[in-house]
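Q: One structure, as structure tokens, below. Some questions next.
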Amino acid sequence: MFLGTLVPFLFVLTVVVFVHEMGHYLVGRWCGIGVRAFSIGFGPELIGFNDRHGTRWKLCAIPLGGYVKFVGDMNATSSQPTSEELETLTDEERKVAFHTQAIWKRAATVVAGPLFNFLLTIVVFSVLFASYGRYVAEPMVAEVTADSPAAKAGIQPGDRFVSVDGSKVETFGDVQRLVSGRAGDTITFVMLRDGKEVTVTATPQLMEQQDALGNKVKVAVIGVVNNKELGQPRLITYTPVGAVAAAVEETGHVIQRTGQFLQRFAVGREDKCQLGGPVKIADMAGKAAKLGFEWLVQLVALLSVGIGFLNLLPIPPLDGGHLLFYGVEAVIRRPVSERMMEMAYRAGLLLVLCFMGFVFWNDLFGC
């Protein structure tokens, strides 16, 4: 049982971290930046080797992340070295040091990590869509739950969803996607009834459901049901190009939902138990592996978006924090002062550690 959870968890996390760090590495090398180390994991090195460029590739004992250490980096977070630390570099090292490069090279190298995460998700979805296709159903209402938001809004069996808050819908899944993350929001629905469009408003409410992995999740619903007779479920098959286009669209939806969730979570409008850390991810990986490899790679795709999105938040020492400093540097035309950088990194690191502590607490005791 333990290995049945641990092995899938390590697979999922290692793939996501490797792709993220490979983004930093490849773009950094393309920009002419020297790389001292590429590490999967933290702590003591388990195995490793040096390549012909002098980069140390290694696997470390604590598999909860990874890093690329560029020439000039004084730690794994690529924080700005002090002037005294830069003086310890040789002239050759200064030429390829990360922090001596043009702003656009540093920004491109930093943003490449999250972008590679998004690309990984697109690749996974593309392969899944091309291999298995996708089942969809017409956006029809077969039943309306009594006393539900839909019933109070006047939605009736036989109605067809046309749009949700101005977004056109083509499938019942589109309706679920646009509603599921908006509990407590007043949403405008345009329905097609007897050949005429009818506009109604409803406020979704949270309902606890079980997802495909058996986890209890809370999603916003309005209380409508689709069925085979009205929904007419069908399998959509894709050409390779069509699969990529659908994957890009689906990845965009996942990114949008992730941002929407974090925004609502920050103001207390989401259940704290919906946010988990390594323990929850490990549990999900174990369950996904039991259902089949395609479920495991779907988890890779979803986690990859989450890691990419979180890293873009403008908080030092995350990638987004670095990008924020580069933006300020571009505006004021000089690097941010060492004192300001140090204060920002300390505050950001404290915030990140508090967040990590929160999700660990959720995993072990809170939920």
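Any Cβ shown, glycine's included, is placed from N, Cα and C.
Copied straight from Swiss-Prot:
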type	residues	note
ACT_SITE	GLU21	active site
BINDING	HIS20, HIS24	Zn(2+) binding site
DOMAIN	121-196	domain 'PDZ'
TRANSMEM	108-130	transmembrane segment
TRANSMEM	291-313	transmembrane segment
TRANSMEM	343-365	transmembrane segment
Q: For the residue listed as 'active site', list the number of other Cβ atoms lying within 10 Å of its Cβ atom.
A: 20
Q: So what pLDDT does the domain 'PDZ' (121-196) average out to?
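A: Residues in the domain 'PDZ' (121-196) carry a mean pLDDT of 97 in this prediction.
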Q: Which sequence positions outside the transmembrane segment (343-365), separated from its termini by at least 6 residues, show Cβ-Cβ distances below 8 Å to it?
A: 77, 79, 272-273, 275-280, 315-318, 321, 325, 336
Q: What residues elsewhere in the chain lie close to the transmembrane segment (291-313), defined as a C-beta under 8 angstroms and at least 6 residues from its ends?
A: 8, 11-13, 15-17, 19-20, 111, 113-118, 120-121, 124-125, 127-128, 132, 212-213, 251, 254-255, 258-259, 262, 281, 284-285, 319-321, 323
Q: Does HIS24 (Zn(2+) binding site) have same-chain partners at least 6 apart in sequence with Cβ under 8 Å from its own Cβ, and which are they?
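A: Correct list: VAL68, THR109, VAL110, ALA112, GLY113.
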Q: Relative to the Cβ of HIS20 (Zn(2+) binding site), which residues of the same chain, six or more apart in sequence, are found under 8 Å away?
A: GLY66, GLY113, PRO114, PHE116, ASN117, SER304, ILE307, GLY308, ASN311
Q: DSSP on the residue listed as 'active site', three-state: which is it?
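A: Reduced to three states, the DSSP call for the residue listed as 'active site' is helix.
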